[in-house]
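Student: Below are the structure tokens for one structure; questions will follow.
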Ligand SMILES: Nc1ncnc2c1ncn2[C@@H]1O[C@H](COP(=O)(O)OP(=O)(O)OP(=O)(O)O)[C@@H](O)[C@H]1O
Ligand SMILES: CC(C)(CO)[C@@H](O)C(=O)[O-]
Ligand code: BAL
């Protein structure tokens, strides 16, 4: 498995694979890899001959008061995990390689509607940063397939729409959320939790499970369900950011007629912001 840091090297190697008629899968990440990321890599190896995992902590998607500087960077460990998972190539560029003229002068990709609300409301500019860097990664790698986790449900919806609207010839594949034994969604940011916070953290998943069970039983008083869940989270020691029951396709507020609903949630434990979601067909 090779690691490249420059776009020039990446393009040279990928040209070789294409000349051999090989299909290419892309797994975009910010590194500090865990079993969730590795499940995406394995899925990509099933779909494509060659798998490129990118590791780039993208400054454009971080807000001014967020954790860009402290975000864990663990390239050597990540490389070993990727090698064991059957990954072909690691692309780990510097910020200068991706944004040579700096963020202020970079063309940006805005995805309307689906970027609004939920994480888009709490993290202004976040999905613009994600859509911009992912469209650049699609241009750099020109993958046949790209795999993203359903843990970041709104992000997956934004990327699907962006690829469709910009006519990018890539098949976007969603992969199920990988969880710890107690239900907590695996996430690099779980590493920020204290022992006490880690013990509370699975309450987020349990609140989603409770809400989904109520929805499956036919309840349609969505706002009351959202309030109940937020009270549960607050009682457990969280500071809820949002807890929204939505139409799984549009991510707009749920209606009683929707055939599939998704519950999207984000909540803080101390300074750590966790997100998770669960879907239910009715
Ligand atoms: N538990 C998980 N199961 C499946 N996919 C996941 C999981 N966690 C992250 N992913 C996916 O991995 C890709 C890279 O995500 P990222 O590097 O931000 O990891 P992360 O653990 O979600 O980090 P963060 O804590 O910053 O949210 C995204 O497509 C994301 O949805
Ligand atoms: C898709 C992504 C790699 C873009 O920076 C990031 O948002 C992530 O890790 O989910
Ligand atoms: N996993 C989403 C990337 C972010 O939180 O910035």
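Every residue gets a Cβ built from N, Cα and C, even glycine.
Heads up, TrEMBL stuff is auto-annotated, nobody curated it.
Not my notes, these are from TrEMBL:
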- 30-37, 149-152, 178, 186-189: ATP binding site (BINDING)
- 37: active site, proton donor (ACT_SITE)
- 61, 155: (R)-pantoate binding site (BINDING)
- 61: beta-alanine binding site (BINDING)
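On this model, are these features tucked inside or out on the surface, and what's nearby?
Tutor: Around residue 30 (ATP binding site), the same-chain residues at least 6 positions away in sequence with a Cβ under 8 Å from its Cβ are 55, 56, 57, 58, 71, 188.
For residue 37 (active site, proton donor), the same-chain residues lying six or more positions away in sequence with a CB closer than 8 A to its CB are 27, 29, 53, 81, 149.
A helical conformation is recorded for residue 155 ((R)-pantoate binding site) in the three-state DSSP classification.
Note on residue 61 ((R)-pantoate binding site): other Cβ atoms within 10 Å of its Cβ, all shown chains, come to 21.
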Student: List every residue in the same chain as residue 36 (ATP binding site), at least 6 positions away in sequence, whose Cβ is under 8 Å from its Cβ.
Tutor: 149, 151, 177, 178, 185, 186, 187
Student: Quick one: of the recorded positions 33, 37, 61, 188, flag those whose CB is under 6 Å from ligand 3, and say none if nothing qualifies.
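Tutor: Correct list: 61.
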Student: Among 30, 33, 36, 37, 178, 188, the recorded positions in the record, which have a C-beta under 6 A from ligand 1?
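Tutor: Checked recorded positions vs ligand 1; flagged 30, 36, 37, 178, 188.
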